[in-house]
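Okay, so here's the structure we're looking at.
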Amino acid sequence: MDDQQGHAHSSDRPPSNGRRGGKRIAPPTITTVVSSTAPCGACKFLRRKCVSGCIFAPYFGSDQGAARFAAVHKVFGASNVSKLLLHIPTNQRHDAVVTISYEAQTRLSDPVYGCVSTILALQQQVASLQTELSIVQTQLINSRLAVAILQPAYSNNSSASNNLVNLGSFPPNFDLVAETTPSSLSFRPTGVSGQSQDDEDSRNPNVYTNHILHSK
């Protein structure tokens, strides 16, 4: 009987699971690793989970991307923008997102014209600058023509000035006036010279009297 009671007590005892004192070993718990990556601005605005390979993640950051994407979503819609980006090469998507964001912001600022008003203002500025450039080019052409016309006259004046007598080449004791003044005797005619001599003799009484006596 004692053996049966002892066997009954041993059969009612729970297994010790390999530990002394009858303590159970806790089963191993499986912990799931939760990604700590913050969602992109688009997924944050749409309040959805940002999955790996999100089309908006590289272009709408978590800091200011939500505000930018809000304007894009309001004007174009998230579905349309995602389809557009999928049809654009990867190396051109950044420029496309910048353009779409700018157009969305200008459309919200000016619902009637949007970015067209900015384009028109820039076109007017380009036209004004082209007109100013044309005026400057015309002035430059006129200046070049004026220089080309005045250049031969300046060359002729320079050659004429070089042909003038260089006064510094004469000796210091050279009298330019005396040497260049023509002699009064060398250019006086013979008849005129004799007549002038007779006139001077007739004016002198003594000479005139002697002349009359000798002539008689």
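Every residue gets a Cβ built from N, Cα and C, even glycine.
Predicted, not measured: the structure shown is a model, and the values here were computed from it.
Per TrEMBL, compositional bias 'Basic and acidic residues' is recorded for 1-12. Summarising the annotation, TrEMBL assigns compositional bias 'Polar residues' to 185-196. The domain 'LOB' annotation in TrEMBL covers 38-140. According to TrEMBL, the region 'Disordered' annotation covers 1-28, 185-216.
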Over the domain 'LOB' (38-140), what is the model's average pLDDT?
-> 92
DSSP puts the residues of the domain 'LOB' (38-140) at 71 helix, 0 strand, 32 coil
